[in-house]
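Peer 1: The annotation transmembrane segment is assigned in TrEMBL to A:20-44, A:56-79, A:85-105, A:148-168, A:188-210. TrEMBL lists A:20-211 with the feature domain 'ABC transmembrane type-1'.
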Amino acid sequence: MAILDVGYMVELLPILLRYLPLTLQMAALGMVLALALACALAVVRVLRIPGLNGATLLFISFFRGTPLLVQLFLFYYGLPQIFSALTQINGITAAIMGLTLHFAAYMAESIRAAIVGVDRSQTEAALAIGMTRGQLMRRIVLPQATRVAVPTLMNYFIDMIKATSLAFTLGVTELMGATQKEAAGSFLYFEAFITVALLYWGIVELLAWLQRRLEARLNEAYQR
Amino acid sequence: MLRSLTLATLLGAGLAVGGLAQAQDSADELRVGMSGGYFPFTFVRQDVLQGFEVDVMEAVAEVLDVEVNFVTANFSGLFGMLESGRIDTIANQITITEEREAKYLFTAPYVYDGAQVVTRRGNDEVSGVEDLRGKQVAVNLGSNYEQLLRELPFADEIDIRTYESNIEQDTALGRVDAFVMDRVSASQVIQETPLPLQLAGQPFSEIRNALPFRDDEAGREWRERVDAALATLREQGRLAEISERWFGTDITRP
């Protein structure tokens, strides 16, 4: 059994770090877009908006029911064969699109659950004292729903960061793609993959720390 | 946190939009797809893409006086990129097969090689392709070695495992009994890496590698130009020179 080549890992780390911004940018942009879409989908579901409700259910069903990798291949390699203009979409854009649609489907359901989780009696009370529907949502429902939704949404964000590692199949050299290529050049598979694993882990831990701080802020009102 | 998130988003948006305006088909830029994970043909060290294929394509671009732009992706994605017009050709030791010839236009072969069985060092049960009966054999997904194995008369008796990557590693670890790859890169892997592997017997099928192009107007034009450039490089002895540099032998002739 060969000894762990620590020197190689130390050399590799700064090289891999060059690809970290791309990974984080894809995840951050994917998260913002997914969150916006998920909110819209959740509103449609909560209010059961006629016409849109069925379409939303179909959307969630499809994007939750098929693997992300299949969706990415579908967007990037499949659709351009039918609509040639879609060839213009590059790998990064396709990856962000895929992440957005895939995770929006999941997040819509957790946002919906957080909204309907706010006790109905509060809605009734708010309406009884003369609040409008808008005031009710802004002042009563959403602040409480946010507190409930944050932990699960952070979960999806963490998952999304790791899901960006699929982008190399679309020709995007992000963190994982760079690692695979370096591993092929050195044949030090263990060293290369343990380095990238620690890197992902470190980022996720950093996020978990931010999440704890955010949750503490949101919980302030509930502390005695 | 919010501010940095906004910043990241803006950066990301700029990136995505910049990407949308990506260069389209152009007669001055040859877009070459490769895996970047196939030593010593295409691989990365210290963040530098290099290898036999990289040198050949750079020489081709020099002869044609065009820019060469290398696009790396997982091997299984490369033909999809070619098909959807994102790259012009693939330089990843692509073997000429009947199926591929029916769909793509190939240049003249620039590498001649053979399919090779490789086992873990000390495994003397397998000394050639006939001994693969009842064995687990790894091949790369989308490569033609799977096809070669399936065409053998005793294909039913071989347990073929298809991998995305790292077949050398899994054979060295003993997870599979053997892998099949071209002779040239198999020899290189054994020579250059610490993995305990050995060649098992002689190559069992001749392989010719060439560059595939799409069968459309732009593809046909590129094929003609690149084919002419390869012929020039061959005449000048530069093809042989590049081969000598990477393999210590001339693999560009039969």
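Keep in mind that glycine also has a Cβ here, set from the backbone N, Cα and C atoms.
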Peer 1: Considering only Cβ pairs under 8 Å, which range in A:20-44, A:56-79, A:148-168 makes the most contacts with the transmembrane segment (A:85-105)?
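Peer 2: When the Cβ pairs under 8 Å are tallied, A:20-44 comes out ahead.
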Peer 1: Residue list, the transmembrane segment (A:148-168) vs rest of chain: Cβ under 8 Å, 6 or more residues beyond ends.
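Peer 2: Those are 23-24, 26-27, 30-31, 34-35, 68-69, 72, 91-92, 95, 99, 102-103, 106-107, 110-111, 113-114, 117, 174-177, 180, 200, 203-204, 207-208, 211, 214-215, 218, in sequence order.
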Peer 1: Restricting to the same chain and to residues at least six past its boundaries, which positions have a Cβ under 8 Å from a Cβ of the transmembrane segment (A:20-44)?
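Peer 2: Contacts of the transmembrane segment (A:20-44) (Cβ under 8 Å, skipping residues fewer than 6 from its ends): 52-53, 56, 59-60, 92, 95-96, 99-109, 111-112, 115, 153, 156-157, 160-161, 164-165, 167, 172-175, 199, 203.
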